[in-house]
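Presented below is the structure to which this report refers.
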Amino acid sequence: MFKVLPFTAIVHPNAITAPRLVVKMSAIATKNAVESFVVKPPAHPTYDLKGVIQLALSEDAGDIGDVTCKATIPIDMESEAHFLAKEDGIVAGIALAEMIFAEVDPSLKMEWSINDGDKVHKGLKFGKVQGKAHSIVIAERVVLNFMQRMSGIATLTKAMADAAHPATILETRKTAPGLRLVDKWAVLIGGGKNHRMGLFDMVMIKDNHISAAGGVSKALNSVDQYLEQNKLQMGVEVETRTIAEVHEVLEYASQTKTSLTRIMLDNMVVPLSNGDIEVSMLEEAVDLINGRFETEASGNVTLETVHKIGQTGVTYISSGALTHSVKALDISLKIDTELALEVGRRTKRA
């Protein structure tokens, strides 16, 4: 299941001199691990979680590894560290943490009292990792970086998904570069749904496409021709910004066989000076479409406004705030000091 390969970018905790080795899971082992997840990560055609993990470990390790660990921690010291929630929220990233620990040192053992997507309260110890102190400390920051970000996304997603009901909450492509898989996975864990993964899995006709094509109808017609010529089948969404554009889309669809599946209603939620929002334009657009296509509200979506937007009858509500500026959930990983000291004393006596 496992094989040892040379990998110069990642430093194994026990490797002090070159060549450095890292234990890597086989493709079958990776697939089996993913299948066991409570919430499975979304798929991507050109990269996967292994690549994300290896890049994160590589940028941390540099070319010689953790010099502080080598200087301060006996290489054979065994220890135990606990995950502590320092504020209330939804935890996400447990499955990814296990993959990271396994990448650093497959001998590490983990135990959890919760699953991805569960709520934690401040002060709760919800997991522990046991094994070589070197390995735990080397993996610590990478694990926490992912878990804190993912948990922050999942926490906000859960709150917005609950408030948006019966509409479904979606994220956007406004994700951290290189972390789209992870960010979108966190949205799923928090109870949201994924919008398109990238530029390749859905046609999304936005304002710039419409301007370049010469109008909404021309853009839609070009997309229909392109998909037919290339024998492609995928979702098609078009952005509308006014009621007139909604009429134009519906007129086009009534006269032409189209691949259109969803109409985005962009910035049809108007913020008011008193902090409330006006949704009459959005309601009018939803009534016009009358279930012929999926609808997606976008723009001025916050935790405070999403409930009112969700009551208009839209199918989806998309929010870039879920991923582009989310607050990380405060989580720590602390080594059991007494256990470490006792192991250290035994090591010295030996």
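Don't overthink the numbers, they just go from 1 along the chain as shown.
Using the three backbone atoms N, Cα and C, a Cβ is placed for every residue, glycine included.
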Swiss-Prot substrate site partner of ARG141, THR172, ARG173, LYS174, ARG196, GLU239, ASP266, SER298, GLY299, ASN300, SER319, GLY320, ALA321, selected from LYS128, LYS158, LYS206, LYS334: LYS206
Secondary structure at ARG141 (substrate binding site), reduced by DSSP to three states: helix
Around the Cβ of GLU239 (substrate binding site), the count of other Cβ atoms that are within 10 Å: 23
Substrate site span - longest C-alpha distance across ARG141, THR172, ARG173, LYS174, ARG196, LYS206, GLU239, ASP266, SER298, GLY299, ASN300, SER319, GLY320, ALA321, in Å: 40
Chain-internal residues, separated by at least six, CB under 8 A from ARG141 (substrate binding site): ASP60
